[in-house]
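The feature S-adenosyl-L-methionine binding site is assigned by TrEMBL to 110, 135, 162, 185. According to TrEMBL, the substrate binding site annotation covers 189, 221, 259, 260, 261, 262. Marked as region 'Interaction with RNA' by TrEMBL: 191-196.
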């Protein structure tokens, strides 16, 4: 499904990336099923989604940096009451998406959703799409679960775990119709640029998990990072830019709600750049 047929979310800021190899285990993980398997067993070098051989990657980095935050009583209550239904446990084996959502439908992976404001909005606008959302910030997880309960949303599932490990171990090649990476941590200082999430190894993994015609949509309010996104996605042979503008950037989806963060940036005169590539 192409970007024109399947619309996008907006999320928040994860950081970094990892190169955890996939598990050589073809057993499908069905939510709710008991498991005694060792999640570290059967590890072997990456095959599907293997990063380019010429990419230097001396050490593993997580797809996030934990930030300080306080979980409110409302978020804690939502986690306790709604977590068993909408939060999926991490397991180092392929996830049965149809079982997880209780239906077969186009599936979009979102990496980092912050407090879930826009995630909940778009999931409501697109009830025909399944959204698998990764976030490790517990207040954010609780906030999205609270929105799910208040708005009666049924097409979101949350995995409160490092997104890179979820990609490596729980998602099989061709499992996804779309991927959203919105406003990841820009790591402004040059010496920290290597910690940015959108790097060749991760993009290669994501491209392999997309179905032909699926899409990868990134957005940032930091222009140097936008330039890097264009370069990295443009260098991935399985991806093709969908933009028609000469500068390579896509138009901002009209249906996308402006988050408080984005509105604040606009008032300060900041730009927002969308990068949308299709799996060939």
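Note: Cβ is positioned from N, Cα and C throughout, glycine not excepted.
Given the structure is predicted, the values throughout are model-derived calculations rather than measurements.
In the three-state DSSP assignment, the secondary structure recorded for residue 162 (S-adenosyl-L-methionine binding site) is coil. DSSP assignment over the region 'Interaction with RNA' (191-196) gives 5 helix, 0 strand, 1 coil. By the criterion of other Cβ atoms within 10 Å of the residue's own Cβ, the least surrounded of the binding-site residues 189, 260 is 189. Taken as a whole, the region 'Interaction with RNA' (191-196) shows an average pLDDT of 95 in this prediction. Residue pair residue 260 (substrate binding site) / residue 135 (S-adenosyl-L-methionine binding site) shows a Cα separation of 19 Å. In terms of Cα distance, none of the binding-site residues chosen from 189, 259, 261 sits within 10 Å of residue 162 (S-adenosyl-L-methionine binding site).
Largest CA to CA distance in the substrate binding set (189, 221, 259, 260, 261, 262): 25 Å, whole number. Of the recorded residues, residue 261 (substrate binding site) and residue 110 (S-adenosyl-L-methionine binding site) place their C-alpha atoms 18 Å from one another.
Secondary structure from DSSP puts residue 185 (S-adenosyl-L-methionine binding site) in coil. If you draw a 10 Å sphere around the CB of residue 135 (S-adenosyl-L-methionine binding site), it holds 27 other CB atoms from the protein chains shown.
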